[in-house]
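K.L.:
Here it is, the structure, as structure tokens.
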Amino acid sequence: MTRLVDLDKVRNIGIMAHIDAGKTTTTERILYYTGRLHRMGEVHDGGATMDWMEQEKERGITITSAATTCFWIPKFGNYSGINHRINIIDTPGHVDFTVEVERSLRVLDGAVALFCAVGGVEPQSETVWRQANKYGVPRIAYVNKMDRTGANFFDTVKAIRERLGANPVPLQIPIGEGEIFAGFVDLIRMKGIIYNKDDGSTYNEVEIPHDLQNEARTWRINMLEAVSEVDDTLLEKYLNGEEITEQEVRSVLRKATLKVTIIPVLCGSSFKNKGVQFMLDAVVEYLASPVDVGAVEGHHPKTEESVSREPKDEEPFAGLAFKIATDPFVGKLTFFRVYSGVLKAGSYVLNTMTGKKERIGRILQMHSNKREDIDCVYAGDIAAAVGLKDVRTGDTICDESNPVVLEKMVFPEPVIEIAIEPKTKADNDKLGMSLAKLAEEDPTFKVKTDEETGQTLIAGMGELHLEILVDRLKREFKVEANVGKPQVAYRETIRKTVEFEGKFVRQSGGKGQFGLVVLKVEPLEEGKGYEFVDAIKGGVIPREYIPAVNAGVQQAMKNGVVAGFPMQDIKVTLLDGKYHEVDSSEMAFKIAGSIGFKGAAKKADPVLLEPIMKVEVVTPEEYLGDVMGDLSSRRGHIEGMGQRAGAQFVNSKVPLSAMFGYSTDLRSMSQGRANYSMEFECYREVPRSIAEAMQEKRVSRDLE
């Protein structure tokens with residue numbers, strides 16, 4: 001199979017937004033207009049193509065990032081008449097599935113940020129925007145739902161500037177809002193676009209309506225000033241009053257969008273089929289191709305030397321696995337982005353994280369959950385492979401004779417856990433295997449065994465996250481399970497630096513055991529996890545025993561010294577030690593490492609940490625006092641408030657332990673009229689009284 005379009009004609013984009021901003025409907029319309037669909041699906045009737053899991057069809061929300069590909073020939077602009085390939089990832093907007101957004105942004109070259117014209121910039125819009133900033137992803141903004149009562153394009157543009165700190169530049173302004181939304185004014189061409197009342201594929205180009213001419217001129221000047229500010233040649237022409245051509249405006253807009261100094265803003269109503277084709281033109285016109293993004297940086301797995309891979313078919317193959325999924329028909333699917341080279345079905349790749357060589361059985365071009373077999377993939381492509389057994393999310397796969405490790409993905413630790421057991425004893429093994437498969441797919445889902453009770457615990461990013469995974473157990477793996485009440489995933493850390501000697505000696509006939517280590521433990525910045533430094537000099541501990549010390553420390557960190565919770569953000573340095581030529585072993589040093597760490601942690605001012613959530617409540621004004629009083633009673637700290645879309649909003653930081661059952665309480669205190677969103681913010685020290693109560697609980701449990 002030859003390359004269908006040149007690399008500079010490829011766009012890898014994501015569609016990202018707050019829940020219910022219309023992402024899936026917009027993607028459906030894109031697929032319809034690009035010829036991938038012959039009938040449009042609607043989210044509200046469960047017929048949307050991109051929402052392919054049973055739970056997504058029932059709930060009307062997108063949980064996994066479905067990937068698809070389509071082709072588009074722009075009608076206007078510098079790229080008009082040229083066929084382009086657009087690979088699209090439709091990402092979830094619910095905060096419990098932030099990991100899906102994170103991993104798709106990692107492999108994309110651009111994004112369409114959707115905003116609801118009524119709700120404006122909502123909490124999850126901010127979260128997703130920050131994630132896109134982290135990866136430097138160029139964006140265009142599409143203000144959707146212009147047909148809804150209360151729609152306000154200009155308020156949304158203002159909110160993008162104020163709440164997201166971005167530089168939004170409208171390229172269109174709406175003709176009518178709400179029920180009378182008919183189309184828009186194209187500010188580059190200064191023409192009106194009025195849609196016909198069919199499927200939206202036809203429209204009339206008209207002169208700008210008389211009552212909008214002054215406003216259109218004002219916004220065009222605003223656009224020209226914005227593009228002139230980022231280009232000296234254009235600025236000179238603008239100041240001299242010379243005419244600036246349409247081609248010049250588009251070229252400078254493209255450069256500024258790729259640098260994320262300007263966010264082009266468009267408007268439409270995907271549901272009413274208005275604006276989507278012009279948004280596709282903008283995707284091609286302003287978002288990056290793999291050529292614009294340039295070389296990807298990595299390092300050699302053995303020498304650690306930096307390695308760069310150009311986005312060219314002639315380069316050695318390098319790709320990044322960004323998602324694992326289980327398909328009922330073909331088994332394990334590994335979604336990957338090709339950064340360089342060509343990969344053929346049936347060939348071998350090296351996984352540089354495991355050092356193992358694996359064979360690519362088949363390569364599939366995914367269209368939501370449908371698929372077609374293809375012979376090979378080229379630089380810039382996104383596809384799915386069948387046959388990779390040990391590849392995990394974030395692993396690099398590459399040409400075995402030219403190894404490279406691309407930058408890994410970092411995922412947040414789970415904040416909530418529940419006990420789970422099968423309804424029937426016969427399903428015990430099946431439950432274990434099914435949970436392992438789900439954990440392989442989702443890096444923020446963890447499975448562990450409580451050492452004291454023997455219970456299986458599952459941990460995730462929120463109640464909905466775990467609820468859907470338990471639901472998948474039943475639907476996909478035919479395992480029915482009972483689950484306990486949600487528990488907070490507490491953590492522990494230390495506040496002081498301490499040195500401590502860990503010694504393990506056993507003499508009881510036969511071969512003895514001996515290991516002695518001197519450890520220094522010190523606190524790390526929040527979010528840094530764990531760091532182990534080997535500072536041994538002069539061979540006082542043989543090299544082969546040092547990994548065992550590290551393993552012993554990590555084993556001890558799983559059960560902290562305050563209340564038995566995992567410890568985090570700690571640096572451990574192995575300073576000194578002793579060994580015995582006959583009695584020393586890996587096991588002895590592992591135990592010595594564990595003893596040394598526990599002893600040091602007890603003296604290093606250990607503290608208990610709890611997850612703090614960023615909570616935003618949107619409520620009618622008459623319930624504002626009740627909402628604020630209730631948040632304060634939950635140990636919440638009010639951080640700000642304001643007005644949006646005719647309602648009041650309150651931003652606060654609240655411990656997760658105080659938020660269980662909040663949706664029911666909020667519903668009853670506001671007669672169902674308020675809603676809220678919540679996302680993990682950070683870990684913070686638990687108040688002393690609560691920490692002491694949890695310690696007592698642990699002591700009494702140990703005595704039982």
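A Cβ is built for glycine as well, from the same backbone N, Cα and C atoms used for every other residue.
Quick paste of what Swiss-Prot says about this protein:
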type: BINDING; residues: 17-24, 90-94, 144-147; note: GTP binding site
type: DOMAIN; residues: 8-291; note: domain 'tr-type G'
K.L.:
How many other Cβ atoms sit within 10 Å of the Cβ of Lys23 (GTP binding site)?
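P.N.:
Step by step: centre on the Cβ of Lys23 (GTP binding site), count other Cβ atoms within 10 Å, giving 28.
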K.L.:
How many neighbouring Cβ atoms, not counting its own, are there within 10 Å of the Cβ of Met146 (GTP binding site)?
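P.N.:
So the number of other Cβ atoms within 10 Å of Met146 (GTP binding site) is 29.
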K.L.:
Between 0 and 100, where does the mean pLDDT of the domain 'tr-type G' (8-291) sit?
P.N.:
84
K.L.:
Where does Ala17 (GTP binding site) sit by DSSP, helix, strand or coil?
P.N.:
strand
K.L.:
Which number gives the other C-beta atoms within 10 angstroms of the C-beta of Ala17 (GTP binding site), all protein chains shown included?
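P.N.:
Other Cβ atoms within 10 Å of Ala17 (GTP binding site): 27.
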